[in-house]
Amino acid sequence: MEPATMPSRIARPGPGRWRRAWLRLHSLAGLAAGAVLALMGLTGALMSFEDEILEWVNPGLRVADAGAARRPYAELLPELARGLDGARISFVQADADGPLVVGVIRQSASPDARAARYAADPASGRLLGEIQGSGFFDFVRRLHRWLALPGGGDGIGRVLTGCAAAALAGLALSGWWLGWRRAARPDGAPPATSVAAAAHQPPSAAPWRTRAWHRAWHVRLGLWLAPLYLLSALSGLWWSSAGYRAALGAAADFVAAPGGRPYTPSQTRGRPTPPREAPARPEAPAPQASPRQIGAAADAVLADIAVPAQRILLGMPRTGGTMRLRWLPRGAAHPRAYDDYRIDPASARVVEFQPHAGLGPAQRLEAAMLPLHTGTLFGLPMRLLLMLSSLALALFAASGTCMYILRRRRSHADPRGDREQVLKEK
């Protein structure tokens with residue numbers, strides 16, 4: 001008997017093994033995060049057109065004369081306070097063409113309760129009624145951001161949604177690679193042409209209960225929607241990871257001005273980080289400003305702004321604190337390009353002013369991240385595409401689960417045949 005000869009070099013895994021390994025990783029990530037991603041996709045699709053849905057649900061809250069001039073805040077705020085029977089106003093939102101949106105917190109509500117929203121006539125200050133459905137969308141927003149779990153933005157729910165967003169990015173990249181490998185042809189066709197041809201293939205003629213039917217639609221839709229999922233995942237991670245925010249902000253500052261100061265995120269897990277201040281001696285709290293004082297201070301600041309506004313957000317001050325006025329000009333780059341004023345309501349003095357044009361690259365990226373995530377930065381077509389891709393996440397989760405179950409059934413029946421079939425398909 002001849003002695004066994006040792007191989008001259010260690011055998012490397014072939015392309016079939018790499019494809020099978022990537023397929024298993026893709027399947028495990030999809031099975032682990034599929035349910036969470038489906039829920040996040042459905043809630044995100046709902047919020048894509050929240051304003052339009054609320055307007056449709058509340059037809060009686062429209063303003064009869066949208067072109068009528070808005071009364072000064074010094075007259076509006078006292079009128080609103082009288083109509084709310086002593087409830088605390090948290091904010092007032094004035095749009096160029098629509099009713100006022102008034103956030104109201106009742107005295108009996110818990111300290112962390114969200115403000116109920118009412119509509120009011122900007123010309124008279126008369127309350128039109130509570131905006132029905134706003135509480136539902138508040139719950140949908142909590143589901144989307146942290147699965148409505150205890151702890152809010154600082155709890156385990158934010159970690160789970162962050163992991164799901166990272167998994168979505170991995171699924172998009174690995175699915176694109178698997179589709180690219182599957183579409184590659186031995187005749188030397190360019191990969192981009194092969195992928196486009198695979199995306200344009202006619203629907204599978206196999207019965208819908210078979211794995212081939214689910215795979216055909218899964219691959220075809222995935223090749224088209226992978227770029228949108230990368231956009232949603234990479235922008236959604238902004239609110240889940242402080243390190244990710246810091247890295248993106250530092251990169252934006254470095255690209256704009258190499259060697260510039262490092263970026264410090266203003267949010268930690270979606271909540272503002274209060275600045276650290278030296279302890280001061282306790283002083284008697286300043287008296288609460290009246291609605292007329294607050295309105296007069298806002299009117300004084302707005303009188304110096306010549307450009308018409310698309311939206312004005314007025315945040316009411318707490319006892320002895322400053323009020324916040326956020327002003328969005330018409331024709332702004334995106335719906336979050338606010339000029340930010342901090343005003344002393346007693347003296348109408350601007351304590352702090354931060355124009356959007358004066359923000360650094362990282363701060364501009366931070367302000368634009370929500371419009372980027374929702375698609376409003378690119379207009380109505382991108383909003384529609386992102387809404388449809390969000391809805392399709394549930395279809396991907398269902399078809400991926402069906403393919404996994406059918407493959408497991410076939411592997412138990414014929415393990416060798418299933419292995420060969422996977423290599424042929426992928």
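Heads up, the Cβ atoms here are built off N, Cα and C, so glycines get one too.
All TrEMBL annotations are machine predictions without curation.
The shown structure was predicted, so the numbers you read here are calculated from the model rather than taken from an experiment.
According to TrEMBL, the compositional bias 'Pro residues' annotation covers 272-285.
Under the heading region 'Disordered', TrEMBL lists 259-293.
The transmembrane segment annotation in TrEMBL covers 21-49 (among others). Through the fold, the transmembrane segment (21-49) approaches residues 13, 137, 140-141, 143-144, 147, 160-161, 163-165, 167-168, 170-171, 174-175, 177-178, 232, 374-375, 383, 386-394, 396-398, 400-401, 403-404, 422, 426 of its own chain, all at least 6 residues removed from its boundaries and within a Cβ separation under 8 Å.
Under the heading transmembrane segment, TrEMBL lists 156-178 (among others). Packing against the transmembrane segment (156-178) from elsewhere in the chain are residues 19, 22-23, 25-26, 29-30, 32-33, 36-37, 40, 144-150, 195, 219, 222-223, 226-227, 229-230, 232-234, 236-237, 239-241, 269-270, 393, 426: each is 6 or more residues past its ends and has a CB under 8 Å from a CB in it.
Sequence annotations record features per position, and here TrEMBL assigns transmembrane segment to 221-239 (among others).
The transmembrane segment feature in TrEMBL is assigned to 384-406 (among others).
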Close approaches to the transmembrane segment (384-406) from elsewhere in its chain (Cβ under 8 angstroms; 6 or more beyond its ends): 27, 30-31, 34-35, 37-38, 40-42, 44-45, 48-49, 168, 210-211, 214-215, 217-218, 221-222, 225, 228-229, 231-232, 374-375
